[in-house]
Structures are given as C-alpha cells and as structure tokens.
Amino acid sequence: MSQSVSLTFPDGSVRSYDAGATGRDVAESISKSLAKKAVAIAIDGTVRDLSEPVADGKIEIITRNDDRALELIRHDAAHVMAEAVQELWPGTQVTIGPVIENGFYYDFAKNEPFTPDDLPVIEKKMREIIQRNKPFTRQIWSREKAKQVFADKGERYKVELVDAIPEGQDLKIYYQGDWFDLCRGPHMASTGQIGTAFKLMKVAGAYWRGDSNNPMLTRIYGTAFAEQADLDNYLHILAEAEKRDHRRLGREMDLFHFQEEGPGVVFWHGKGWRIFQTLVSYMRRRLEGDYQEVNAPQVLDKSLWETSGHWGWYRDNMFKVTVAGDDTDDDRVFALKPMNCPGHIQIFKHGLKSYRELPIRLAEFGNVHRYEPSGALHGLMRVRGFTQDDAHIFCTDEQMAAECLKINDLILSVYEDFGFEEVVVKLSTRPEKRVGDDALWDRAESVMMEVLKTIEAQSGGRIKTGILPGEGAFYGPKFEYTLKDAIGREWQCGTTQVDFNLPERFGAFYIDQHSEKTQPVMIHRAICGSMERFLGILIENFAGHMPLWVSPLQVVVATITSEADGYGEEVAEALRDAGLTVETDFRNEKINYKIREHSVTKVPVIIVCGKKEAEERSVNIRRLGSQAQTAMSLDEAIASLSLEATPPDVLRKREAKRAKVA
C-alpha cells in the first residue's frame with residue numbers, strides 16, 4: 001500500500017502528502033488563510049468534503065467565492081432548515097431535501113402543514129444554528145443501524161429511503177452538532193460557512209415521491225447565496241418577474257384565460273388573438289419566397305407514429321383519439337399529433353423529387369398536443385395544446401451547411417426585430433444512445449461546428465456560442481438558441497436539428513444526378529418554438545408595454561369635453577385610415593380617470609383632445625408609463641404613429657425599394 005499520495009495543483013505543481021491526509025491538511029500546508037477560507041476540495045473535478053482523505057489526482061481547493069461553492073451553501077442551508085424545523089416542531093419527519101435551480105427545498109411530514117407565517121420563525125432559528133458554527137462530520141452506517149435509528153426516531157420516510165439504497169452502497173450520515181440526516185454529501189466544513197444570505201421563499205404541497213397515491217407532505221422552498229448583494233439582486237429579479245407575470249398581465253390586458261374544463265389549452269380573447277395573429281402574420285412574411293407553407297392533418301393513425309418511433313417512446317405524452325359509437329366500421333387507433341415532422345415527410349414523399357428541386361423547405365404553423373402533468377402547466381409557458389412555427393428542410397448533404405446558416409440568419413433577425421439582442425447559440429453533440437453510424441455524425445458535427453464558428457465570426461462576437469457535449473437528439477446534432485430578456489432571464493426558444501432517423505424510417509428519397517435514389521438530409525427548424533410560449537415571453541419581456549406594431553390596441557382617442565367628441569372621432573378615423581387599431585373614449589369621465597384605466601390595460605398611446613386641440617387641429621400624445629404629453633399637429637401624429645406601427649420587416653422592404661429606385 002502506498003505511503004503517500006501525489007497531488008497536482010491548478011498551477012501544474014505536484015506535491016506529495018502522507019496517506020490519510022485530508023483536504024483540510026492540504027489547504028493548511030499551503031497557508032493558514034486558505035485553510036480558513038476553504039469549504040471543500042475537488043479531486044479530478046469531483047467535489048468532496050474537506051475532511052475526506054485525498055487520493056492521487058488533480059486537486060482544487062474550493063472557497064466560498066468559487067461557483068461550485070454555491071451548491072454547497074444551498075445544500076447546507078437545506079440541512080440547517082431541516083434541523084430548525086425539528087427543533088421548533090419536534091416530531092416532524094424530514095424526508096428529501098435537494099438543491100434545485102436557484103435554491104433548495106425540503107419536504108416535511110407534519111400533522112398540520114406549514115404556512116407562510118412560519119417562514120420567518122424558521123429563518124430566525126436557522127440563523128441561530130448557523131451562528132453555533134457546528135462542524136459537518138460524516139459517518140458510514142450499516143443498513144441495519146440506519147433503519148433501526150430512524151425507526152426509533154419515528155422517521156418512517158427515512159427508513160423507506162434506506163431500503164431504496166442499492167446493496168453494497170455506503171450509507172452516509174452527516175452530523176451538524178447533534179442533528180444528523182441521511183445524505184450523499186458533500187458538505188462544507190461547518191454551518192457557519194453558510195453565511196446569512198439566505199431566505200425561505202414559500203410553502204407548497206407535494207406528494208411523497210411525486211405520486212398522488214402517496215401521502216401529501218409540506219414542501220418549504222428556500223434560496224441562498226454566497227453574498228447578500230447576490231441575494232438582493234435575485235429577490236429584485238423575482239419581484240420584477242412577478243410584476244411581469246404574463247398570467248396576471250393577460251387578465252389585466254384581457255388577452256386570454258384558462259379554465260378547468262380545458263387544462264393546458266388557451267382561451268384566446270379578441271385582443272390576445274389579435275397579437276397572436278400579428279405574430280403569425282409577421283412570421284409568415286419572413287417565410288415568403290423561401291418556404292412552402294403546408295398543413296398536415298391533426299389526427300393520424302397510430303401506424304404513422306409507430307413508423308416514426310413516437311408511439312414507442314412518446315406514447316404516454318400523446319392524446320389518443322377514439323371513434324364515437326360501437327357500430328363504426330373504422331376501429332383503428334388515432335392520435336392527435338404531438339409534432340409536425342411525420343406529416344411533412346408524407347408531403348415530401350408525395351411524388352418523385354429530383355435533386356434539382358432541393359432544398360425543399362416546408363413550413364407550418366402547426367397545432368400540436370402533448371400531455372403535460374397538471375402540476376407542470378404554467379400559463380402560456382407550459383401548455384398541452386400549442387402552435388409550432390415549424391419547418392423542415394429536405395436538402396442534399398452538400399447543402400446542409402448553407403441551410404443551417406440561412407436558418408441562423410433568419411432566427412437572429414427575428415429575435416432582433418422583437419428587441420432581443422443578447423443571444424447564445426450552442427451546438428449539442430452526439431448523445432450516448434443514438435441512431436446513425438459514426439461517419440454520419442462525424443460529418444454532421446463537422447459541418448455544424450464550422451457553421452457555429454461562422455455564426456460567431458459574422459456577428460463580430462456579439463452572438464456568443466458554446467458546445468453542449470452529449471446533449472444532441474438521438475437522431476442528430478442540433479443548435480439551440482437562447483435569448484436573454486429585459487431582466488436577465490434566459491429563454492431557450494429556437495432550434496435547428498439535423499435528422500438522420502426519420503427520412504430512413506419513412507423511406508424518403510430523391511433522385512440524384514446519377515438517377516439513383518438518395519436519402520435527403522432533413523433539418524428541423526423552429527424559431528419561436530411554441531408561438532404561445534414566445535408570446536408569453538414577449539409579454540413578460542415588455543411588462544405588457546408591447547411595441548406599437550405588436551400591440552392589439554394601438555391608440556385610444558380620449559376627449560376632455562363633449563365639445564371635442566366630433567373632432568375626436570375625426571382623429572380616430574384618420575388614424576384608422578392610416579392602418580392603426582384605434583378605439584375612442586368619449587365617456588363623461590375626468591381625463592385622468594380615463595388615462596389611468598387605459599394604462600392598466602397597457603394601451604401604448606392615448607391621444608387627448610380638448611376644445612383647444614379641435615380648434616387648432618392638433619393632438620396631445622401621452623405614452624404608456626409617461627406623465628408627459630407631446631403636442632403636435634394631427635398630420636404629424638398620423639405620420640409618426642403610422643411609421644411606428646409598421647412592422648420592422650415591412651419597413652426594411654420599403655427602404656430596400658427606395659434604395660433600389662434611388
């Protein structure tokens with residue numbers, strides 16, 4: 001047995017330590033200050049406790065400033081929360097408490113569920129425990145001991161967890177002072193290293209193991225950060241997100257609603273449907289000349305889905321359709337389509353295709369349905385029925401790179417038109433389980449890697465790029481487009497996916513220049529992804545203050561006095577003739593009341609007309625969110641607003657025509 005271990009440090013230096021030396025020993029050998037700051041170590045990239053003996057490999061000393069420390073801080077905070085709960089409410093059972101995105105939670109079994117009023121009490125107790133600065137220590141228990149100890153404590157959920165751990169796997173128990181829990185670890189050195197930048201966020205119900213047949217538990221969510229400034233910033237973003245919640249704004253703006261009889265499907269109101277159609281019309285114009293817009297059936301025989309493979313691996317997420325009545329002559333099983341690609345392949349296959357016709361680009365604003373658990377549904381962001389701005393390009397292998405670049409240019413241009421300038425494009429490469437031979441993947445990944453470099457180069461570095469190893473679809477590599485909104489949240493929207501699978505499954509081919517049947521390359525492409533979700537993102541990004549060209553109601557003409565009503569109607573008609581969507585408000589109400597009311601529904605422009613404006617044939621323009629009013633002539637107002645209400649793609653075409661004439 002070796003009497004020493006060899007450790008390689010980030011600077012490349014190599015040191016030897018006695019066998020049994022811990023991470024803390026290594027940190028202390030470098031400096032006392034580093035040992036004081038250290039919270040954990042990483043050996044060959046795997047984070048471990050400071051108290052754990054080190055082994056040969058590459059070592060890193062992790063401090064609270066390290067990004068990896070954040071997960072440890074949150075993990076430890078979850079344990080401290082559990083201890084606080086059991087100190088305050090003895091007899092409460094602790095179940096599972098993982099770190100999640102932006103925080104942590106713990107599920108508790110308690111006779112009476114927790115309420116939001118309990119959270120400040122728990123936080124206060126957590127601060128006491130953190131101040132005690134008790135060390136985290138690890139023990140390895142036998143299965144029998146763990147079951148006996150937890151059973152004696154009345155922790156039946158822990159006993160069940162112990163039973164679920166595979167035979168031969170260590171049962172780790174972490175102590176913080178006298179309190180302990182079953183946990184894989186790792187943890188920091190002591191509770192004091194958590195700090196005070198934490199907050200408990202909310203309580204919710206949760207079934208044990210996520211199964212509705214099991215008992216209902218109470219889940220407490222929390223978050224924690226290394227620094228108070230980071231916590232404050234996160235809470236500020238949450239507050240902003242709440243103000244921008246598209247579900248609330250959708251109600252206030254009278255855009256849409258959901259109801260129990262149609263879970264996960266949208267009831268579009270007049271104004272909401274107008275925005276939706278504005279989005280569709282814009283996307284349709286962007287496809288002109290390059291794409292054939294098609295429409296594949298909503299309901300198809302399951303045999304098609306068996307051929308595509310969806311029936312085997314996606315059936316539980318599909319809505320099956322049965323024929324009404326027992327005496328029908330068609331007893332086949334049908335399903336609502338969860339995606340558009342199999343239908344588009346049928347359209348491509350209808351009739352012989354020559355290489356001279358490629359690329360063939362088929363686009364559809366296709367209504368699809370996918371089963372989502374009711375607990376996962378979230379306004380427009382997560383629904384069961386939605387519209388995909390889907391397209392499938394059938395091309396030759398040689399055309400693949402050019403098509404991917406063409407798609408990229410379109411996607412980035414669309415995002416820019418809606419005000420999204422920070423976009424990240426990432427290439428997802430081959431997963432472990434995949435179809436197609438390595439030569440196909442090598443070729444596709446090589447082409448897409450070059451495309452990725454071109455994307456970054458052409459943008460002058462404005463568009464960030466990256467690689468997601470192993471994250472590709474099983475049928476081919478893909479690009480993922482992630483945009484950043486006004487408050488810094490990231491939304492993955494667009495995708496470009498190369499597919500080796502479906503053309504082969506469906507026997508799609510074209511006739512090449514040698515009169516041979518050749519399988520085409522199929523590229524799946526979506527820009528918005530789900531049109532409903534993209535609209536939800538837009539509403540939240542703009543906090544309901546939609547650009548004039550997107551807004552469902554662009555102008556309200558409001559009069560100060562009934563003497564100006566005639567002129568107000570003339571103003572409204574002139575604006576309508578210029579192509580704007582206009583309503584009038586001639587009610588016998590004070591003008592400030594009218595302005596407040598229309599501001600709640602997020603009308604972008606209110607034109608105020610009084611006796612003076614009628615005499616001068618002028619208007620006062622008041623913008624949403626501004627107290628100021630701008631006076632101008634009616635003709636100036638019409639010219640200015642009609643220009644602003646023109647979609648950006650239409651403006652570009654006009655400018656291009658003018659430049660051509662000039």
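In case you wondered, yes, glycine gets a Cβ from its N, Cα and C as well.
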Starting from the Zn(2+) binding annotation in Swiss-Prot that includes CYS341, HIS392, which of HIS187, HIS524, HIS545 is the extra site residue?
HIS524
Given the recorded Zn(2+) site (CYS341, HIS392, HIS524), which additional residues of the same chain have their Cβ within 8 Å of the Cβ centre, ordered by sequence?
MET339, ASN340, HIS344, ILE345, ASP390, ALA391, GLN497, ASP499, LEU502, MET522, ILE523, ARG525
Which whole number is the mean pLDDT over the region 'Catalytic' (245-547)?
92
Would you mind checking how many other C-beta atoms are within 10 angstroms of the C-beta on HIS392 (Zn(2+) binding site)?
25
Within 10 Å of the Cβ of HIS524 (Zn(2+) binding site), how many other Cβ atoms are there?
23
Just to confirm: which same-chain residues, 6+ apart in sequence, have a Cβ under 8 Å from the Cβ of CYS341 (Zn(2+) binding site)?
SER308, ASP390, HIS392, ASP499, LEU502, MET522, HIS524
How would DSSP class CYS341 (Zn(2+) binding site) in three states?
helix
Please spell out the DSSP helix, strand and coil residue counts for the domain 'TGS' (1-64).
14 helix, 28 strand, 22 coil
